[in-house]
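Below is one structure, written out as structure tokens, with a few remarks after it.
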Amino acid sequence: MFLTNLTLTNYRNYEHETLSFDQGVNIILGENAQGKTNMMEAIYVLAMAKSHRTTNDKDLIRWNEDYAKIEGRAEKRSGSLALELTISKKGKKARCNHIEQQRLSQYVGHLNVVMFAPEDLNLVKGSPQVRRRFIDMEIGQVSPVYIHDLSQYQKLLQQRNHYLKMMQAREQHDEAVLDVLTEQLMVLAAKITLRRRQFLALLEQWAMPIHHEISRGAERLHIRYEPSVDVSEKAELSRIVEAYSETFAAMREREIQRGTTLVGPHRDDIAFIVNGKNVQTFGSQGQQRTTALAVKLAEIELIFSELGDYPILLLDDVLSELDDFRQTHLLDAIRKKVQTFVTTTSIDGIKHDLIQEAAIYRVHSGSVAAPS
């Protein structure tokens with residue numbers, strides 16, 4: 001798939017901008033704080049209905065304006081696609097082919113993107129929350145049902161935590177209510193756990209050979225899912241539900257004492273293991289970068305294998321972070337098949353053959369000069 005055009009209205013520092021894009025490589029060139037990353041973020045938000053940089057949607061609206069709008073047209077194997085996302089202080093409204101989507105989970109997945117930015121090193125060395133967010137966003141692109149289940153889980157988790165807080169303060173003591181909340185929560189938790197495990201197994205299949213090649217055959221990558229309940233790697237949904245039931249029963253008194261839910265997908269983690277060692281703890285910066293790059297390239301292939309279209313690749317100020325060998329491997333992997341957007345302050349750090357192929361856009365103070 002590829003994005004043919006993009007219109008931004010009141011988005012961050014863009015008042016109104018309409019752009020057409022090349023099917024291959026598009027380089028967004030400009031100094032810092034001019035709007036390069038904002039444009040990259042807008043493409044991501046158009047696809048995912050949320051930002052990778054902020055959890056506050058109000059940050060996306062231009063100063064002193066009431067709303068922001070992102071519009072785009074994409075070409076997919078199945079045909080042309082018109083997308084529109086309006087962000088206001090009241091929330092978000094999404095349209096696909098001019099039809100309003102009742103839920104954002106119905107909207108996400110029409111346009112697929114893979115983002116690779118310097119902060120993606122945190123995928124390997126950052127907190128478990130970063131890795132959970134990563135897996136949730138990526139599964140959501142290929143499974144709208146997962147987004148719905150995750151949303152329901154988060155709502156139930158808030159309700160259960162609130163009730164546990166009241167039990168902790170002795171404002172409530174009816175354990176039958178807690179039983180109902182727990183039963184509803186553990187079914188959703190089991191579905192999420194199973195889908196995460198399946199997704200990570202697929203991701204590992206794609207990432208292992210890519211990582212082996214980037215490391216010049218010196219390293220072997222494994223991706224290990226670490227759920228908050230003890231279940232075998234081949235456990236079916238019913239067994240995972242049982243495991244949650246047993247664990248919740250064992251943890252009940254501690255949860256009431258603490259006033260919070262101590263078990264569930266919100267406590268999961270992912271470990272990246274290279275040559276038998278956790279890269280987060282024992283890996284060098286080079287190994288962490290190689291792992292992050294392999295995972296991002298694996299995402300591209302996984303999405304293609306699931307959906308039949310390659311996603312759009314967003315490289316936000318990341319090429320300068322990669323040495324020549326890793327840059328070459330990245331560019332060879334995407335050339336001729338993946339529409340790519342690259343932001344940079346200078347083309348000096350980008351390989352010459354890529355520059356020759358690229359359409360170059362120059363950004364200054366929220367205004368974009370398209371290629372002549």
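Cβ from N, Cα, C; glycine included.
According to Swiss-Prot, the protein has these features:
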- Gly30, Glu31, Asn32, Ala33, Gln34, Gly35, Lys36, Thr37: ATP binding site (BINDING)
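Overlay of Swiss-Prot feature records on the structure.
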{"residue": "Gly30", "record": "ATP binding site", "contacts (Cβ under 8 Å, 6+ apart)": "Lys36, Thr343, Thr345, Arg362, Val363, His364"}
{"residue": "Glu31", "record": "ATP binding site", "contacts (Cβ under 8 Å, 6+ apart)": "Thr345, His364"}
{"residue": "Asn32", "record": "ATP binding site", "contacts (Cβ under 8 Å, 6+ apart)": "Thr345"}
{"residue": "Ala33", "record": "ATP binding site", "contacts (Cβ under 8 Å, 6+ apart)": "none"}
{"residue": "Gln34", "record": "ATP binding site", "contacts (Cβ under 8 Å, 6+ apart)": "Asn13, Val363, His364, Ser365, Gly366"}
{"residue": "Gly35", "record": "ATP binding site", "contacts (Cβ under 8 Å, 6+ apart)": "Arg12, Asn13, Tyr14, Val363, Ser365, Gly366, Ser367, Val368"}
{"residue": "Thr37", "record": "ATP binding site", "contacts (Cβ under 8 Å, 6+ apart)": "Arg53, Asp316, Asp317, Thr343"}
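Just so you know, the Cβ of Lys36 (ATP binding site) picks up 25 other Cβ atoms within 10 Å once every protein chain is counted. Apart from Gly30, Glu31, Asn32, Ala33, Gln34, Gly35, Lys36, Thr37, the ATP site neighbourhood in this chain, defined by C-beta within 8 angstroms of the site C-beta centre, holds Asn38, Thr343, Thr345, Val363.
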